[in-house]
Amino acid sequence: MSDHELRVSKIRNGTVIDHVEGGQALNVLAILGIDGSEGLGVSVVMNVPSDRLGRKDVVKVEDRELSQSEVDVLSLIAPEATINIIREFEVAEKNRVTRPDSVSGVLSCPNRNCITNAGEPVETRFDVVADGVRCDYCSTILRTDIAEHIDV
Ligand code: CTP
Ligand code: ZN
């Protein structure tokens, strides 16, 4: 690596979310509920060249692993992402995200008249469709604004 390249430090323990679609890193942090106030070490790299994606973002979160529901929602905005679990500086696990068939209890429906917004004990459920996610109850489709409706 030459002096002209920027190197972001390796981390000792935590999670590296790699191959995130360029420009989505801040939405990744929103999905993880990270805003900096937790005191976790977080590194964000945005729009760096990638052979596979053209441009990619990378998010490194120290001392934190991800839940399956977080990974499910991540897959919707970063379908090519790789989740690397780091332990004592080594990549202990590397997994590609997979798009789930549906996500339950993690997204809120933007339709105010939807049964899921009526104060009833109904868990939200969205089916993953080609162009976004579709509410099971009212068929409202969330497309680009998925990250704004996360409720984890
Ligand atoms: N990484 C890190 N800290 C470590 C080890 C790895 O931050 N202690 C980061 C690397 O910088 C990289 C990602 O975790 O962004 C995956 O590491 P590695 O598997 O070594 O890299 P690649 O082989 O390039 O990964 P891939 O094949 O998934 O592209
Ligand atoms: Zn709905």
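Just so it is clear, glycine is given a Cβ too, placed from its N, Cα and C backbone atoms.
Feature list (source: TrEMBL):
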type: DOMAIN; residues: 6-97; note: domain 'Aspartate carbamoyltransferase regulatory subunit N-terminal'
type: DOMAIN; residues: 103-145; note: domain 'Aspartate carbamoyltransferase regulatory subunit C-terminal'
type: BINDING; residues: CYS109, CYS114, CYS135, CYS138; note: Zn(2+) binding site
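Summarised by DSSP class, the composition of the domain 'Aspartate carbamoyltransferase regulatory subunit N-terminal' (6-97) is 17 helix, 39 strand, 36 coil. Within 8 A of the CB centroid of the Zn(2+) site residues CYS109, CYS114, CYS135, CYS138, the other residues of that chain are PRO110, ASN111, ILE115, THR116, ASN117, THR124, ASP136, TYR137, SER139, THR140. Other Cβ atoms within 10 Å of the Cβ of CYS138 (Zn(2+) binding site), summed over all protein chains shown, number 14. Reduced to three states, the DSSP call for CYS135 (Zn(2+) binding site) is strand. Across the domain 'Aspartate carbamoyltransferase regulatory subunit C-terminal' (103-145), the DSSP tally of helix, strand and coil residues reads 3 helix, 14 strand, 26 coil.
Every protein chain considered, the tally of other Cβ atoms within 10 Å of the Cβ of CYS135 (Zn(2+) binding site) stands at 21. When the binding-site residues CYS109, CYS114, CYS138 are checked against ligand 1, none has a Cβ within less than 6 Å of one of its atoms.
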